[in-house]
């Protein structure tokens with residue numbers, strides 16, 4: 001294999017640039033040319049493709065976002081869109097592709113593989129919801145962003161003796177809510193993977209208030225429901241002054257943590273190795289601090305599950 005491509009797709013996550021850097025430098029080290037595909041699968045279909053040199057990925061390891069940009073591309077879900085993408089890859093002499101993104105990006109890589117084009121998926125999403133890996137690129141950075149916000153919110157919650165509801169990202173996966181809530185000492189954590197009893201939440205808040213606790217932090221994953229609605233229900237049921245903070249897209253930005261930079265570097269380099277070994281249709285991940293790879297179709301057939309032990313611990317510690 002003499003020429004490979006790399007693209008980022010779907011929602012951006014801190015550390016994607018570090019992964020791009022690793023792909024480019026690892027490939028060039030082995031005498032392989034690398035072409036960057038801009039704006040994800042949409043850019044692939046449009047032929048927005050450019051050769052990348054070592055200098056093109058200099059001074060990006062610390063930057064959030066993605067220098068290749070990213071976009072959603074409904075057209076690539078169609079057979080016609082996939083064939084257009086393969087035509088562009090062949091036109092540029094690209095023999096293998098590294099796809100950095102979430103489950104939707106993996107679906108695109110799987111389709112290309114089914115058409116006979118070798119692809120390797122690299123997990124890049126703040127949601128940490130990709131099967132086959134303990135952590136995804138960007139999760140740790142997003143987690144630290146949320147923790148920083150929780151710490152600041154707790155300061156003002158304490159000063160004003162208020163209850164705060166903090167809504168975080170996670171439509172289908174509660175990892176951000178669970179990990180940040182546990183690390184931030186939240187009184188209640190609501191995640192999509194677990195049922196909750198609003199009456200029980202209200203009762204626990206009242207019990208805490210009766211024993212002298214004048215402020216509380218509640219973390220709500222967006223997939224559970226609107227933080228604004230939860231805040232309204234809590235204030236109406238308890239009479240406690242309640243405020244709501246929706247963190248939103250700030251969770252996707254910022255300079256990646258050291259953990260995410262190292263993880264992205266390891267995963268990006270391994271993705272190149274797999275292509276050079278002639279192994280397409282794979283996705284890389286980290287499990288027990290070891291870099292692993294799986295069949296991408298098998299990984300997509302599985303469902304990410306939140307760590308129930310951590311969820312149980314969070315409830316035990318929030319009495």
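Keep in mind that glycine also has a Cβ here, set from the backbone N, Cα and C atoms.
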Among 162, 261, which residue does Swiss-Prot annotate as binding substrate together with 125, 126, 127, 169, 170, 171, 222, 243, 249, 250, 251, 252?
162
For the ADP site that Swiss-Prot assigns to 21, 22, 23, 24, 25, 185, 186, 187, 211, 213, 214, 215, which of 3, 154, 232 is also named?
154
If Swiss-Prot says 72, 73, 102, 103, 104, 105 bind ATP, which of 5, 11, 174, 181 does it name for the same site?
11
Within 10 Å of the Cβ of residue 169 (substrate binding site), how many other Cβ atoms can you find? Include all protein chains, please.
24
Say we define neighbours as other CB atoms within 10 Å of the CB. Which of the binding-site residues 23, 73 has the fewest?
73
Rounded to the nearest angstrom, how far is the Cα of residue 125 (substrate binding site) from the Cα of residue 25 (ADP binding site)?
22
Can you grab the distance from residue 250 (substrate binding site) over to residue 11 (ATP binding site)? Cα atoms, rounded to a whole Å.
13
